[in-house]
Amino acid sequence: MAEHDIPRATAKRLPIYYRYLKLLLDAGTTRVSSNELSDAVKFDAATIRRDFSYFGALGKRGYGYDVKALMTFFGEILNQDTLASVALVGVGNLGQALLNFNFHQSSNARISAAFDINEDIVNTIQAGVPVYSLDDLEKQISDQRIDVAILTVPAPVAQDLANRLAKAGVHGILNFTPLRLDVPSDVRVQNVDLTNELQTLLYFINNFGGAEA
Ligand SMILES: NC(=O)c1ccc[n+]([C@@H]2O[C@H](COP(=O)([O-])OP(=O)(O)OC[C@H]3O[C@@H](n4cnc5c(N)ncnc54)[C@H](O)[C@@H]3O)[C@@H](O)[C@H]2O)c1
């Protein structure tokens, strides 16, 4: 958890800054201006300067920002050095796709355990990740110190599983199901809804043309 008191919108942009800075650093670039960053990540330069100012960072007029210093700084805030183990519950169409996607390449998280009730895939390894029986949920979450779970099960069983996950000690749920989950106050839920995203996109295209929202 970041100890800096920053707006949520800024916090959401941090991983995007971080990924781009990593690209720059890998390409041997040592400094970057807010305008160059703006071109690459598509937030306006004023937003970027304001975001960075929350951290007391770090730009110099006529020089821009030091890429390595920014990376180190954001890396610490984002905890890039600690690899977070994530559970995936529900290894169906969507779950499989997420297993195949290598989160670890671009973030500090990796799916380390998957769970399902389908006997055909329980006790197999899918995309390098062991699939456990749902009966092992609590034990694996505790043994592997899993703090975050991705929920890709049918909606009717989602609340039950959210209850179990919360009870087992999970503090974050990335919820792909259409159900809005009730969770204890120490659990954070992030809902992902591709239909919503698509509708929003269509709305903006239809009402404002191609310009970005
Ligand atoms: N957010 C989005 O944009 C989006 C997009 C597609 C699907 N979805 C949602 O994601 C969920 C999964 O969709 P899908 O197409 O992968 O479905 P699917 O039927 O292919 O997969 C569901 C998986 O969950 C497993 N399962 C069922 N009950 C379980 C339980 N109690 N515990 C553990 N595993 C259980 C099934 O065996 C199956 O492997 C659905 O709720 C769907 O509505 C969301």
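Positions of Cβ are set from backbone N, Cα and C atoms, glycine also.
Annotations in TrEMBL come from automatic prediction, not curation.
TrEMBL lists 16-55 with the feature DNA-binding region. If you look at the DNA-binding region (16-55), the same-chain residues 6 or more away from its ends with a CB under 8 A from one of its CBs are 4, 6-7, 10, 63-68, 70-71, 73-75, 77-78, 80, 106, 212.
Its own atom aside, the Cβ of Asn93 (NAD(+) binding site) has 8 Cβ atoms within 10 angstroms in the protein chains shown. Residues or ranges marked as NAD(+) binding site by TrEMBL: Gly90, Val91, Gly92, Asn93, Leu94, Gly95.
Marked as domain 'CoA-binding' by TrEMBL: 79-180.
Helix, strand and coil counts from DSSP across the DNA-binding region (16-55) read 28 helix, 2 strand, 10 coil. Listed in chain order, the residues near the NAD(+) site other than Gly90, Val91, Gly92, Asn93, Leu94, Gly95 are Gln96, Ala97, Leu98, Asp116, Thr152, Val153, each with its Cβ within 8 Å of the site Cβ centroid. Among the listed binding-site residues, namely Gly92, Gly95, the Cβ with the most fellow Cβ atoms inside 10 Å is that of Gly95.
Counting other CB atoms no more than 10 Å from each candidate's CB, the binding-site residues Val91, Leu94 peak at Val91.
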